[in-house]
């Protein structure tokens, strides 16, 4: 028996109509993930509906509504293998109306493929476009390795009117590279002088010298014809870099926190005939095994036995971080739902959150103040959370401009009651704040230092991402009936002792999640 390949989850993101599903479907087909007969059937069905170019996209677009509209609404899972890895593909929607599903898919990914329409690149970066927002969300949700497929190269035009144009490819790369670096997709430029080099400080005036380069790998492709997907394209001899397949095979295997307690955010819950209730999701930390006792929060279900664990319709003895699995439990489909978190009942089980302290960077908003209540997307949860108490603010240059602890009148008080935040700090695009956030419905989040996949989030409002954040510490909710005692704060942060007195007043003790 050969060594089992490492599992990697790949999310395919990008603006609507960039060709994500076609590119992914063609790649899966080329790698033997689907047979020619099925592709021929898809082609016949597509022609009948007047959409003959959709045959590869339909490998993933399984819902009838998606086929008729020609856009991906749900997230679809498929798999293929490279020399080193076993890939699970998550094809995420590009349409703005379905960004919630895109976030759910991206929260489960290790690496991302950003598909760009080389022929109509401007639509994805214009106001209302999804290209940069998808890249930002991917990075915020923990995806640090990115491949960029400049798609539809068979259809682009250069100045002379021919397809496969190098000029257009360069134009897209020159614009997108710096934008991705601003988001965080960057690495040290190997061409820079190393620390300690005698020539390092030779020219102090040249402060514009690049010290970082974009860490994303760009590949010109055609999802329709298959150029540069597995084999080098004869249509683009000017491109000497790796194929898309080679880029995916060169990804670094993600670190898997198997030693940590179990955390598995639920993506969906199904009722399967002859089996029963099957929650599905990605193991973020720890190990899930058949026979273990698990807890679901904020559903309030504890000591539930895991009957069996399946991955890609095959029974497995256990699932480790990164695995997308379904597992059978003796509950009804109404007992648990998407956004609930599964953990080991006997080892630090998840606890619903009363409020949490976070550092939030404002991406696109003119005036955020106390009381603002947008939707937060954290792991698979999609819950409105109130900016209960903005505590401090830094400007675009990182200089601190406001801090509630500077209120000298409060500084002299030592009462134990939560204190009112009287500063009413306002924040706008480019600024960052420390803030106590309070969910309007029961949810589970964790401090980034303890469970990083459950400790980062995106803030969405008006159909766009307005901010991203990292959770510093969490005040768990005491779910015991009639409880008055506060549970210990989870997570460590220098800001905790400074700002703990400004926590929002707790919700009613023992309050269950709203269904």
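Yeah, the Cβs are placed from backbone N, Cα and C, and that goes for glycine too.
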Candidate ranges 348-371, 372-395, 396-419 [criterion: Swiss-Prot lists as region 'Disordered']: 396-419
From 91-94, 95-98, 99-102, the residue range that Swiss-Prot assigns the feature region 'G3': 91-94
Swiss-Prot annotation of region 'G2' - which of the ranges 70-74, 75-79, 80-84 it falls on: 70-74
Swiss-Prot annotation (region 'G1') - matching range among 6-13, 14-21: 14-21
Region 'G4' range according to Swiss-Prot, out of 143-146, 147-150, 151-154, 155-158: 151-154
Range annotated as region 'Disordered' in Swiss-Prot, from 167-186, 187-206, 227-246: 187-206
Contacting positions for the region 'G4' (151-154) when only residues 6+ beyond its ends and CB under 8 Å are counted: 18-19, 23, 115-120, 163-165, 169, 220-225, 227-228, 233, 235-236
C-beta crowding around residue 334 (N6,N6,N6-trimethyllysine), within 10 angstroms: 11
Three-state composition of the region 'G4' (151-154), taking helix and strand from DSSP: 0 helix, 1 strand, 3 coil
Residue 334 (N6,N6,N6-trimethyllysine) versus recorded positions 14, 17, 153, 289, 441 - nearest by Cα: 441
Between residue 79 (N6,N6,N6-trimethyllysine) and residue 289 (N6-methyllysine): CA-CA distance (Å): 22
Packing count at residue 79 (N6,N6,N6-trimethyllysine) (other Cβ atoms within 10 Å of its Cβ): 17
Residue from 14, 17, 20, 153 whose C-alpha is spatially nearest that of residue 441 (N6,N6,N6-trimethyllysine), among the binding-site residues: 14
Rounded Cα-Cα span from residue 79 (N6,N6,N6-trimethyllysine) to residue 17 (GTP binding site), Å: 22
